[in-house]
Amino acid sequence: MVEPHGKTWTTRRGSNPRLESDPVIDIPPTPPGDARPGNKLPATTPFLSLFFPFFSSGSDGLGYANLTTAFIIGAWYFSNIGVLLLNKYLLSIYGYRYPIFLTMIHMVSCSLYSLAAIRWLRLVPLQSVSSRKQLFKIAALSGIFCFSVVCGNTSLRYLPISFNQAVGATTPFFTAIFSLLITCHRESGAVYLALLPVVLGIVVASNSEPLFHLFGFLVCIGSTAGRALKSVVQGILLTSEGEKLNSMNLLMYMSPIAAVMLLPVTLWMEGNIAGTTAAKAAEDPRLLFFLFVNATVAYLVNLTNFLVTKHTSALTLQVLGNAKAAVAAVVSVLIFRNPVTVMGMTGFGITIFGVVLYSEAKKRSKSSSSASSSSPNSSSS
């Protein structure tokens, strides 16, 4: 009778004392390549390595992560400030005074780039629209998105970037108002108190702005309010697990809908814009290059917003946003030489200070609410 192989091996080792002195070495299984120390790379490695060969699997994991995060934050600043400067130059300095058509170009660009990023580069998994109801909700968000972006671009035709950013910093005020009116969600007293310097600062800046324009100010307020309304409505409409979309997929679905919405509006309000653009491009071929770069940077704003949140946190993105407003204001003054006053900069500073206070108050309010919700569970156990 032949014994099993494993049992025969054990019996032979036990019966030979010369082999007992040899230590038994356990050799662990070889881990897969992505699980070895120093080789865990972010999911964006294939995309970034197309442009930066030194982003390879042989790089140190921690150093790669730090370098990638620094690059993404730098790209975020470049795109956010760059699109403001380009929009201001085209709409105010260059003389291409068609903000609705320019916004439509942005939407078409975001549609094409988003499709390439998700289906070809596979930066994020593709999420499909599951029902007509969800598509209707996305269309409603697209309408608010259109309104906000068109108003923001229109305001740059009449207002300097520094004042535009001061008004845009009041987004938390409108977010709190819409949350209270639409969802009946009440913030803590500290949160509402922190909003006072946000409003006070913009009042001071408005009264002392040398290039103040009433219509530009009103559409800038509309853009800021629209941005806040979109965030509140998005939290209401896309709440179920089956309808939640990450920002990249949401942009891919919203952008073509927004472009279709804007097409009749730009034809009605801005006339034969295609013929006008072709005539201007025939006189100055640089216009096509400006529009292409402008549309590309507009998409990069959305892409880097997503990447910053992915590689850091939503709080980091909020902090960067506060700093970006100040940096953009300084850069625009240096480039466009628009006049500023001490009171105007003081008002801007008060607004930014209020936004920082609001962020801290909001964070503490969330911490206290989560602690209070978890205390009954701990006491019951």
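Cβ coordinates come from backbone N, Cα and C, glycine included.
Because the structure is a prediction, the values reported are computed rather than measured.
Per TrEMBL, the features are:
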- 69-359: domain 'Sugar phosphate transporter' (DOMAIN)
- 1-38: region 'Disordered' (REGION)
- 64-86: transmembrane segment (TRANSMEM)
- 98-118: transmembrane segment (TRANSMEM)
- 138-156: transmembrane segment (TRANSMEM)
- 162-182: transmembrane segment (TRANSMEM)
- 189-205: transmembrane segment (TRANSMEM)
- 211-229: transmembrane segment (TRANSMEM)
- 250-269: transmembrane segment (TRANSMEM)
- 289-308: transmembrane segment (TRANSMEM)
- 315-336: transmembrane segment (TRANSMEM)
- 342-359: transmembrane segment (TRANSMEM)
Ranking 98-118, 138-156, 250-269, 289-308, 342-359 by Cβ pairs under 8 Å to the transmembrane segment (64-86) puts first 289-308
- Query: Taking pairs 6 or more apart in sequence, does the count of Cβ pairs under 8 Å between the transmembrane segment (98-118) and the transmembrane segment (289-308) hit 3 or more?
  - Reply: yes
Given 162-182, 189-205, 211-229, 250-269, the one sharing the most C-beta pairs under 8 Å with the transmembrane segment (342-359) is 189-205
When counting C-beta pairs under 8 angstroms to the transmembrane segment (315-336), the leading stretch of 138-156, 162-182, 189-205, 211-229, 289-308 is 162-182
Contact set of the transmembrane segment (250-269) with the rest of its chain, CB cutoff 8 A exclusive, min separation 6+ beyond the ends, reads 98, 100-101, 103-104, 107-108, 110-111, 114-115, 118, 129, 135, 138-139, 141-143, 145-146, 149-150, 234, 238, 302
Contact count check, CB pairs under 8 angstroms to the transmembrane segment (162-182), set 138-156, 211-229, 289-308; argmax is 211-229
